[in-house]
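Q: For reference, the structure I am asking about is given below.
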């Protein structure tokens, strides 16, 4: 060490002191501490630490003392783990400060850090530019335009960001509710009676239905959804990212069938061959049910469900694997016991393994419709085992999914509360 005097140095980290000899600092595993060995002046020292006491040769670091204690355990024993009851990201910041990386963590803690970082990136992906303070003085060219676009984007994307955003969200919810009521009413027998008419009458009815109140309401709702989607696309920052978002894909799936059905109606006319596409038109109209998912933009519950499914896809895949393996085993055994042993009491419901799979799935999920049931004693014993096994297998991954659901809900509530605070400030101003 080229600066300071004395045979030893003292590191004061958050009030906890550690004493080392000068020679130990030269090859110290922590890069920030080893940099002290090459300091030539007090200015060089202050670039490494926060303060320095020349009389006691003590170096002060205003960092988390407990976290540094765990880091020192890594220096001594070679194992680095997270501090209990400390945020993984906060401990990771302490590691970066002292010159360590995520690869120095034990494997179990590396997985925790990866999961936490992926959750944080998902949560804050759309919030990076919002927290930057505006600099004083002259604004760069185009700042007003960018600010207006950002305000428009937040108005359409964040329903709690402003008064205008709340009004817009309310109107959008009303349009969704009205469109769903019209869709449900269109399946009533009184509304479906014209479908039994002849081809010529059906073509005239299709052309006239657009001018009816239900057709006008449907057209107005589609117009609103289309205009909303176009404006959100225009004010979005990244157009490619906008197209890839799940909610935007759902919006496109809900809007496109209407225009396809209108075009098919216009081009088919009274052609009897093309009028057979009526089934396709009904399928396209029924795809309007996707409008219900549009409510996820305005309700935290649906957002929490979608975010939980996105984060817990491993657990969901594991759950499906459990069910598939159990179905393969129990369906084969039930088909053998009920139909394959030729004991004089064949059960025709279990004539094949695929047919027995239906009984296995309703038994494992404890639904039990009663349309299929074993009649032999071995089959009933197997059915009991199947039910108990289903309860156990379905319960195993539920704990992970539940904790992820709670975490996602709290994160989205915090985000909504933050925007609500900005809404209150805007209202007071």
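Positions of Cβ are set from backbone N, Cα and C atoms, glycine also.
Annotations per TrEMBL:
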- 7-116: domain 'BTB' (DOMAIN)
- 163-188: transmembrane segment (TRANSMEM)
- 215-235: transmembrane segment (TRANSMEM)
- 247-269: transmembrane segment (TRANSMEM)
- 289-309: transmembrane segment (TRANSMEM)
- 316-337: transmembrane segment (TRANSMEM)
- 349-369: transmembrane segment (TRANSMEM)
- 381-405: transmembrane segment (TRANSMEM)
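Show me how these features fit into the structure around them.
A: Shown for the domain 'BTB' (7-116): DSSP residue counts in helix, strand and coil, namely 55 helix, 19 strand, 36 coil.
Here the transmembrane segment (349-369) has long-range neighbours at 323, 326-327, 330-332, 334-335, 338-339, 379, 383, 386-387, 389-391, 393-394, meaning same-chain residues at least 6 beyond its ends whose C-beta is under 8 angstroms from one of its own.
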Q: Need a quick answer: max count of Cβ pairs under 8 Å to the transmembrane segment (289-309), which of 163-188, 247-269, 381-405 is it?
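A: Of the candidates 163-188, 247-269, 381-405, 163-188 scores highest.
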Q: Taking the transmembrane segment (381-405) as reference, which of 163-188, 215-235, 247-269, 316-337 has the most Cβ pairs under 8 angstroms?
A: 316-337
Q: What is the pLDDT of the domain 'BTB' (7-116) when averaged and given as a whole number?
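A: Mean model confidence (pLDDT) across the domain 'BTB' (7-116) is 85.
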Q: Grab the same-chain neighbours of the transmembrane segment (316-337) for me: Cβ-Cβ under 8 Å, and only residues 6 or more beyond its ends, written as numbers and ranges.
A: 309, 350-357, 359-361, 363-364, 374, 376, 378-379, 382-383, 385-386, 389-390, 393-394, 396-397, 401
